[in-house]
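S.K.: First the structure, which I've put down as structure tokens, then a few questions once you've had a look.
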Amino acid sequence: MAGQRAPHLHLAELSASQFLDVWRHFDADGNGYIEGKELENFFQELESARKGTGVDSKRDSLGDKMKEFMHKYDKNADGKIEMAELAQILPTEENFLLCFRQHVGSSSEFMEAWRRYDTDRSGYIEANELKGFLSDLLKKANRPYDEAKLQEYTQTILRMFDMNGDGKLGLSEMSRLLPVQENFLLKFQGMKLSSEEFNAIFAFYDKDGSGFIDEHELDALLKDLYEKNKKEMSIQQLTNYRRSIMNLSDGGKLYRKELEVVLCSEPPL
């Protein structure tokens, strides 16, 4: 090991909690990625750990090996390593993060799962709801678990993604479990509406005051939102965003509360 920089990076199997410790050590600024100097530090530590296991790490220059490494693991080629990409590199116990993402691999599936587990329509998944989510995930993946392990996974996910420490996960926090290319909610960052702005735009499209809009009205609303923010959106993107958001709807009726969860600045990131 190189000094005391990352005591858990020893390439033995990591528990979920140990994996989180490694992640937080290298994601020093807490932005959800390892990039730049963080990535360089991680790679140097990884090479040092590999030397300790007898893996030859002298064959190429550090720069060459970093390029090869990023080509293999940086799946969306953005020059950053995100949490699930790191889970593929480190021998994480049962690789629970990848297991999670396989369960909600697309934004549409994610929104379906959100609606199913946000049972009280609060706009949050609380610890007990998250526990049910993870239990179903593990059953679907045929992964054996006991109550203690389920509790550890629940608490670890909360520690990873509960950015404001309130013991519950908002939609924007929970969506960080999605691969970046599937996380359509990231597309709305910088376009979040205040409650007043949201109420005004919803009222404009809910012309009959029914309290809900349909998919055609949602189409128009999303186009309007993008145009006002001078952002471009393809027909395919619009279709995907609409489909994902409509998974929150009740029989094709998208109520104010469901859309507010997606478009408003709260819950805070």
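Residue numbers in this text run from 1 along the chain shown.
Backbone N, Cα and C define each Cβ position, glycine as well.
Annotation comment: Swiss-Prot describes D27, D29, N31, Y33, E38 as Ca(2+) 1 binding site. Residues annotated as Ca(2+) 2 binding site in Swiss-Prot: D74, N76, D78, K80, E85. Summarising the annotation, Swiss-Prot assigns Ca(2+) 3 binding site to D118, D120, S122, Y124, E129. Here Swiss-Prot flags D162, N164, D166, K168, E173 as Ca(2+) 4 binding site. Taken from Swiss-Prot, the feature Ca(2+) 5 binding site covers D206, D208, S210, E217. According to Swiss-Prot, the domain 'EF-hand 1' annotation covers 14-49. Here Swiss-Prot flags 61-96 as domain 'EF-hand 2'. The domain 'EF-hand 3' annotation in Swiss-Prot covers 105-140 and is backed by sequence analysis. Per Swiss-Prot, the feature domain 'EF-hand 4' maps to 149-184. Annotation source Swiss-Prot lists domain 'EF-hand 5' at 193-228. Taken from Swiss-Prot, the feature domain 'EF-hand 6' covers 230-265.
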S.K.: Mind checking which residues reach the domain 'EF-hand 5' (193-228)? Cβ under 8 Å, same chain, six or more beyond either end.
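M.R.: That would be 238, 241-242, 245-246, 249-250, 252-256, 259-260, 263-266.
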S.K.: Count the other Cβ atoms sitting within 10 Å of the Cβ of D29 (Ca(2+) 1 binding site), across every protein chain shown.
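M.R.: Taking all protein chains shown, D29 (Ca(2+) 1 binding site) has 11 Cβ neighbours within 10 Å.
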S.K.: Between the Cα atoms of D29 (Ca(2+) 1 binding site) and E217 (Ca(2+) 5 binding site), find the distance and write it as a whole number of Å.
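M.R.: With the alpha carbons as reference points, the distance is 39 Å.
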S.K.: In the domain 'EF-hand 5' (193-228), how many residues does DSSP put in helix, strand and coil?
M.R.: 25 helix, 3 strand, 8 coil
S.K.: Can you check which residue among the binding-site residues D78, D118, D166, D208 has the largest number of Cβ atoms within 10 Å of its own?
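M.R.: Result for the most crowded candidate: D118.
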S.K.: Between the Cα atoms of D162 (Ca(2+) 4 binding site) and E38 (Ca(2+) 1 binding site), what distance do you get, rounded to the nearest Å?
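M.R.: Given the Cα positions, D162 (Ca(2+) 4 binding site) is 22 Å from E38 (Ca(2+) 1 binding site).
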S.K.: Measuring Cα to Cα, how many Å separate N31 (Ca(2+) 1 binding site) from D118 (Ca(2+) 3 binding site)?
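M.R.: That separation, Cα to Cα, works out to 25 Å.
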S.K.: When the Cα-Cα distance from D74 (Ca(2+) 2 binding site) is computed for each of the binding-site residues D120, E129, E173, D208, which gives the smallest value?
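M.R.: Result: the closest of the binding-site residues to D74 (Ca(2+) 2 binding site) is E173.
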S.K.: If you draw a 10 Å sphere around the Cβ of E85 (Ca(2+) 2 binding site), how many other Cβ atoms fall inside it, taking every protein chain shown into account?
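M.R.: Its Cβ has 22 other Cβ atoms within 10 Å.
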S.K.: Sorry to bug you, but what's the C-alpha spacing from D78 (Ca(2+) 2 binding site) to E38 (Ca(2+) 1 binding site), rounded to the closest Å?
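M.R.: Between the alpha carbons of E38 (Ca(2+) 1 binding site) and D78 (Ca(2+) 2 binding site) there are 15 Å.
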S.K.: Compared by Cα position, which of the binding-site residues K80, E85, D166, D206, S210 is the closest one to S122 (Ca(2+) 3 binding site)?
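M.R.: Closest recorded candidate to S122 (Ca(2+) 3 binding site) by Cα: D166.
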S.K.: Using Cβ-Cβ distances, find the residues under 8 Å from Y33 (Ca(2+) 1 binding site) that belong to the same chain and are at least 6 apart in sequence, listing them in sequence order.
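M.R.: Correct list: D27, K80, I81, E82.
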